[in-house]
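Notes to accompany the following structure.
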Amino acid sequence: MTFFILIGVSLLVLSIFTKRSWLLYLLALLAFMIYFGWQGANLYYFLLFAFGMALLVVELYVPDLGLAGLLGLILAFVGLWLKIGRVELTLLFFLGTIIWSVIEAILLLNWGFQLQMSPRFVLDKTIGHSSADQSELLSDLSQLVGETGIARTDLKPVGKIQLGEKLFQAFSQDELIEAGSKIMIVGYQSNQLYVRRVK
């Protein structure tokens, strides 16, 4: 039955690389429900775990929160622990699932998949510019490819970058780019900026 947890997590990871993510979210939820069951106490364990996973997805979209990701990990772990019943087994399974998720994401990136998040998360507010200026900037983002700047927050994989006096949200094509690192914009697609660390 633990296989259904891996299926659900795999579907969640795949969802951030595809445009029809809502369908994958539903399938992941179904896989989790099959694992936990929906009768008696199992329903509460399932809800704890599902809410924790939802917070982890929110952390990807709103990386400044930080707290959402931590709370999500705790809730998902507690839900899994209550279902399994042994802390050491839960910890092993939880760590294995995290490692599997990272491997899957790296494989998808290497196979040419790109993060597919809503464009409204890509362009952030610009220092000293109105919302009208931002819409004008949106059409010019493709001209930023090749520009260098600074990561203002950790990119894991999404975060804020600064180019001159302007702030944008961008996606890292490296595993993690720490705040303060020098970055270069290496791609632009569907209103999304993609960056790599400059060594």
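Every residue, even glycine, has its Cβ placed from backbone N, Cα and C.
TrEMBL labels come from automatic prediction, so no person has curated them.
Summarising the annotation, TrEMBL assigns domain 'NfeD integral membrane' to 3-107. Under the heading transmembrane segment, TrEMBL lists 21-38, 67-84, 90-113. Under the heading domain 'NfeD-like C-terminal', TrEMBL lists 143-197.
DSSP places the residues of the domain 'NfeD integral membrane' (3-107) in helix, strand and coil in these numbers: 89 helix, 0 strand, 16 coil. Summarised by DSSP class, the composition of the domain 'NfeD-like C-terminal' (143-197) is 2 helix, 33 strand, 20 coil.
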